[in-house]
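Colleague: Once you've had a glance at the structure underneath, I'll fire off some questions.
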Amino acid sequence: MSSGAAVPASRPSPAPSTSPTGTVVLTAADISRALTRIAHEVVERNKGATDLVLLGIPTRGVPLALRLAERLAAIESANDPAVTPLDPATLVGELDVTMYRDDLHRHPTRSIGATRLPAQGIDGKVVVLVDDVLYSGRTIRAALDAISDLGRPRAVQLAALVDRGHREVPIRPDFVGKNLPTSTSERVRVRLSEVDTTDGGAPQPDAVVILGASAGTAREARA
Amino acid sequence: MRHLLSTQELTRTEAIRILDTSAQMAATQSREIKKLPTLRGRTVVNLFYEDSTRTRISFETAAKRLSADVINFSAKGSSVSKGESLKDTALTLQAMGADAVVVRHQASGAPHLLAHAGWLDAAVVNAGDGTHQHPTQALLDAYTLRRHLSGTGLEGPAGSRPDDAAALGADLAGRHVAIVGDVLHSRVARSNVHLLHTLGAHVTLVSPPTLLPVGVGSWPCAVSYDLDGTLAGHGHHGGVDAVMMLRVQRERMSGSGTGGGAFFPNPLEYARKYGLDARRLRLLDEHAIVMHPGPMNRGLEISAQAADSSRAVIVEQVANGVAVRMAVLYLLLAGTEDTRTATDTTIERATTS
């Protein structure tokens, strides 16, 4: 059962605003609320936050994983003030899947990112993979291969901020920020203040944007 | 990047990209499972016309860690000893479907010919040609230098505090490297001079006049005949951050005797004037490291005290060689032809995940 449907239909997001840069479907406040809900669902599913490891998939999965970890720590200390508070940074790692992709030879050479595990490792833990957009599922397939080379977690779960459908492999998310029906000609762009900057170098506010096939420039059109 | 033939043709951006990729490759090599599926189904041919153990094993290890199939082809005991030409060997490899050919040849320019004569579609990696170039050795030297001469690595004592975080994306601007010994026969020296210059480092070649090639004045480096003065910082660029000792290549020296033929009077005199011993080690700054491309002639160009000192990063160079060669094979073989820029690739990655 996909938990994305849990977004209350009675309180829809602000009316989509169309601009030359695309349609904003999630604002900063929407993203924040979605992450808070996902954090609660993670705690509920796993009966707490012990033995949890959040692995973000670069680039935007990493700040999302860190934000989720902060919320998990807050939820846990609110539930039981007696226990020692969790340090969010010790829950989070990053997992670069470039060298495990099945489409390497169909694209120009990709730069390899860093893989960094929390000090506790992933053996016997519950790993929650965190990515921004879930689309074909091939990145997650690569991530599952990468994880099996790094250790043997007790379970692997998947959290995605946006699920836009069009799966090409049998993979489904456990936690979804928003289900976003799209056409394959559209592009979904997640902007996060940690990684995205304006041309002037100032951080951009968080947003999820849909670019129509015609709105994108020729360079952005999918090959 | 289609082939890797020489460090002279590498731009600063390309060189830093190779070094950064090497750093990520090196990080995977400390895992329990070192093998990556990246180049599954690709075939790498090691075509070695000259004897080599460490370079061939290093390339073989790198290719196997990336799951490529490796075919070793050495001139001895093959059709080459029956008189087959380079062209016919290349056509054979093409017919067998090689994706990359790693070639070592005694003739300078053989890899260039393989890459550009139209005999082969494969990517060509120069693993040492004559006295011309040995680019992967220079890249592994630059990678080793960058780890030890960035961030905390500069605070010394030498060799003890490599700083990978500070090294990522950095060049070698302002660092001073002395390359000492048989420059005349050394493709390692030629590759290093150009690569280190591209990365912004100052290079001083220290060698007896007989072991310097004609035309060394046009190279982007300083030349000295005085090892003590260079190590003590009396040279044009001041104190050195690293000393790279070159092997005296006796097999390339014609002439009689156990010494250097006509190049120097005898081994003892060479060791006295140009060998790195315990006394010269003490002239170095606290953070300066000692390198050697191997195999070492202990007692000739480097003494046992220097080779085994805590400044020596010679064994680390070998380990770094595997990571650098993995990076080179990855960058040559993993993608399609590089028609778009790295930023476009990042956008693609971010939105199709």
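Note that the numbers count up from 1, one per residue, in the order the chain is shown.
Placed from the backbone N, Cα and C atoms, the Cβ positions cover glycine too.
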Colleague: Of the candidates B:ARG17, B:ARG31, B:ARG104, B:ARG161, which one does TrEMBL list alongside B:ARG54, B:THR55, B:HIS134, B:GLN137, B:GLY294, B:PRO295 as binding carbamoyl phosphate?
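Modeller: Among B:ARG17, B:ARG31, B:ARG104, B:ARG161, only B:ARG104 appears alongside B:ARG54, B:THR55, B:HIS134, B:GLN137, B:GLY294, B:PRO295 as carbamoyl phosphate-binding in TrEMBL.
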Colleague: Measure from the CA atom of B:ARG187 (L-aspartate binding site) to the CA atom of B:ARG104 (carbamoyl phosphate binding site) and give the result in Å, rounded to a whole number.
Modeller: 12
Colleague: Quick one: Cα separation, B:GLN137 (carbamoyl phosphate binding site) versus B:ARG247 (L-aspartate binding site), in Å?
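Modeller: About 13 Å separate the Cα atoms of these two residues.
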Colleague: Give the three-state DSSP assignment (helix, strand or coil) for B:LYS82 (L-aspartate binding site).
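Modeller: Note: B:LYS82 (L-aspartate binding site) is helical by DSSP.
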Colleague: Taking only the residues in the domain 'Aspartate/ornithine carbamoyltransferase carbamoyl-P binding' (B:2-146), give me the average pLDDT of this model.
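Modeller: In the predicted model, the domain 'Aspartate/ornithine carbamoyltransferase carbamoyl-P binding' (B:2-146) has a mean pLDDT of 93.
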Colleague: Give me the DSSP three-state residue breakdown of the domain 'Aspartate/ornithine carbamoyltransferase Asp/Orn-binding' (B:268-332), ordered helix, strand, coil.
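Modeller: So the counts come to 34 helix, 7 strand, 24 coil.
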Colleague: Including all protein chains displayed, how many Cβ atoms other than that of B:THR55 (carbamoyl phosphate binding site) lie within 10 Å of its Cβ?
Modeller: 22
Colleague: Starting from B:GLY294 (carbamoyl phosphate binding site), work out which of the binding-site residues listed here (B:LYS82, B:ARG187, B:ARG247) have their Cα within 10 Å, and give them in sequence order.
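Modeller: Of everything listed, what lies within 10 Å of B:GLY294 (carbamoyl phosphate binding site) (Cα to Cα) is B:ARG247.
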Colleague: Between the binding-site residues B:ARG54, B:THR55, B:HIS134, B:PRO295, which lies closest to B:ARG187 (L-aspartate binding site), Cα to Cα?
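Modeller: That would be B:HIS134, nearest by Cα distance.
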